[in-house]
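Q: Grabbed the feature section from TrEMBL, which reads as follows:
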| type | residues | note |
| --- | --- | --- |
| ACT_SITE | H124 | active site, proton donor/acceptor |
| BINDING | K126 | substrate binding site |
| SITE | S151 | site 'Interaction with DNA' |
| COMPBIAS | 256-270 | compositional bias 'Acidic residues' |
| REGION | 256-298 | region 'Disordered' |
| COMPBIAS | 280-290 | compositional bias 'Basic and acidic residues' |
Amino acid sequence: VLGQYRWPELQESDFSYGSSSIGSINAQFLAAFAAASGKKSLRFYDSEESDPEWGCWSASQELRSPSIRIIFPTIERVRNACDGILPSKRVLCFSEKTWQRLRNVDILHDAIPHPHDRVGHPMHVKVAWRRFQSRTDTSLGWVYCGSHNFSAAAWGRPIQTPSTIKPNGSEKTKSSSSQRLHICNYELGIVFVFPPTEKQSSTGNNTSNLDDIVLPFVVPAPKYRPKDRPATAQAMREALTELYEQQRSIIVEPAEEMMEIPDEEEELEATDYVGEEKEEEKAYADKLWSEVDSSQSS
């Protein structure tokens, strides 16, 4: 769907994927996903080479220059949510192993819900977008929304099929026809495409704009600070344990610190007040009975 267009690589302003679940991704998967969405190497971008794979984004290029930003909430954002950590614990998935692999790549960005009244509530959304700023001040690109987590299980993992042997005994050259996708899940999504066209590039009289789509995240998403950490399963367990220890320390405080015990003078005053109140009630009752007796005698 996306690889058929000639996207203006030099005008790219954003390429991000926000998901409530991040799989065990690596440079190979990121490069394959970027290439499938039409990303090309600038080194070969203007080449007229007929090979459809010429200039495609590769794993080595991904390692040198990461292509995709990953949008995922930090543990602090989850900790400060309206209803605490537990709601997020049921919808977020990010392994500690994947975080350790990605922490030095500098591609993690915080997921701030949009609009503002959604801040503090967990998001179970899967949205990807790639944006280009055209010379006519219009935004081009595409937006995906669906059920795909950002994982090889959902999108597929490229694999090479066994090479075919020619009749003369020589091996055929590997090509795109020998590649297959190994997909574990059934997913569904919609891609909204705002492609580059001659009309847009020359006159700017376009009828639609990628920025017309309202995304569920604040864009651009803020990059993780040095001490930020994603809300991995381990991070959420540690945060819940810390919260439990804090609550436990409050419960087991000495009883004299938990309640205010009045001193002897305050108790005496309270007792006297109750006694005075009872005397007043007795006097009022005696008065009523005397009035009843006088009315009967008359």
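Positions of Cβ are set from backbone N, Cα and C atoms, glycine also.
Remember, TrEMBL labels are computer predictions, not curated facts.
Give me the structural setting of these features: burial, nearby parts and distances.
A: There are 12 other CB atoms within 10 A of the CB of H124 (active site, proton donor/acceptor), with all protein chains counted.
Counting only residues at least six positions away in the same chain, the Cβ atoms of G18, S19, S20, S21, C145, G146, S147, H148, N149, F150, G189 sit under 8 Å from the Cβ of K126 (substrate binding site).
Around S151 (site 'Interaction with DNA'), the same-chain residues at least 6 positions away in sequence with a Cβ under 8 Å from its Cβ are S21, I22, G23, S24, I25.
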